[in-house]
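Heads up: the structure comes next, in structure tokens.
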Ligand SMILES: O=C(O)[C@H](O)[C@@H](O)[C@H](O)[C@H](O)COP(=O)(O)O
Ligand code: SF4
């Protein structure tokens, strides 16, 4: 094992010892009560089975030696990625009956499509929706009728939210069931080019819409390597998907066979199935370290610098940005998938995908192999890929070499010796940057600040021709407590145009960017946030700011005495109303700092005794 991987793992275990022990004790207590439906009083039990369609299912549920599997589903028609889940419950129930078990939809969770809400008021509910999904997962599983659970979720906040909720029921075996990417449309680079042309007035709205509809054209996950597809890699590398199943397209025979096998496998992991493997045994410090290695090796979404600390905490594990930075420093960049390159996740999968990446990272000692997974003990299982031998689902060793070195490489020939994410520190606070998507010549920007308090103001300034210069856009009061920490991805075309025109531009914000954001250097998630009086609240137009993605520095070059004497800007008024945002005010007030996952649950989870 690489010494740095061991060092970070050991310090993570040491830092987490108290909260991890309490968590595991809580899970052991929950497990000791057995299949809780057996302890329900008759009325409670009768209510729990009344909805069962068949007498056989009802009878099986009365028998404690058959497993009842709770299905938590994030199906809706708003996310192309989640539309395929519409028929999953029936497919799963049928597969469970084949092995003498029962499936019940325990509950649904909401799911927001960040693509629909990008740049809209709804985006200010996006991060909060992760917490709502976690609570909705708990509501579903709180019926306590289940010996295991299957979690149906793919996109941005949905997987992290499902994880947070599921981990609070970590005494149960659980499996995540992916749906797969839509077939490739027009290249993501071409989509981005048409957007920039439209922003410059060189393309019509009809041309823009035609381009977007050719990019996002059918059910399945969008094919860029954003937060949703980063979720798939993170879940598979933590052993919560079946091996090699993340990027099999929806509505295919192989996809349906994998979904049915996931149902069979989770039954095997129950006490009744004989291979009892609860979620809390799979998600430990080694699994969390493996997830951060995979995140960095693939140039994954910056959103995971929030999500992984947040769900790790739900398992009693205290992951920090410094841990993530230290792992990134020794994790080579192995993949070039948009926005880090031209390829999409279908290409990534076709040239070897996750199985190949696991193989090369294991060979380099950069992943923990001795971990529990839903497929059994040992991560080596995840170098295998599934395929159909006639009607039979089987696994075989994945490719020993990448089938396209322009997209996916082995550790010895990596695109870069270090990962795609950087933690930035300095007198403006701590932030993160996705350097893997920024060309080397753009990774260091030192220029005067131009301060904005909404992303609309920046767009207006661009359209008024005020930004044709070198500058650092400081977009503040976008943090979790201010307005829910929205993604500011709509800024990408404007800043991209200015960069293409030869100006040195960068973004500094306490808000977020999309996992699909790239090309422009951005220091995001800056903490402490301006709403809490963080340094961004002191910045004035004209201040010289240095964003250094190479050394990891984020500095305002103002005399210390003058800087410390600065008044902090007042909080914007009249925000957080409309589009339901007023319903989330209590949650915004409870959000922890970005470095702790920007979570409403941090304080409570850390205080559990
Ligand atoms: O983090 C992410 O990956 C994004 O939130 C993504 O899910 C979002 O939908 C993007 O906005 C889509 O990209 P476009 O907005 O460029 O289509
Ligand atoms: S990847 Fe983003 S845009 Fe695509 S379906 Fe998921 S949330 Fe929506």
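Using the three backbone atoms N, Cα and C, a Cβ is placed for every residue, glycine included.
Bear in mind that TrEMBL entries carry predicted annotations, made automatically and left uncurated.
Taking the Cβ of residue 222 ([4Fe-4S] cluster binding site) as centre and 10 Å as the limit, one finds 24 other Cβ atoms among all the protein chains shown. Per TrEMBL, [4Fe-4S] cluster binding site is recorded for 155, 222.
TrEMBL lists 68-380 with the feature domain 'Dihydroxy-acid/6-phosphogluconate dehydratase N-terminal'.
Annotated domain 'Dihydroxy-acid/6-phosphogluconate dehydratase C-terminal' per TrEMBL: 407-598, in sequence order.
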Cβ neighbour count within 10 Å of residue 155 ([4Fe-4S] cluster binding site): 25
Whole-number mean of pLDDT values that fall within the domain 'Dihydroxy-acid/6-phosphogluconate dehydratase C-terminal' (407-598): 96
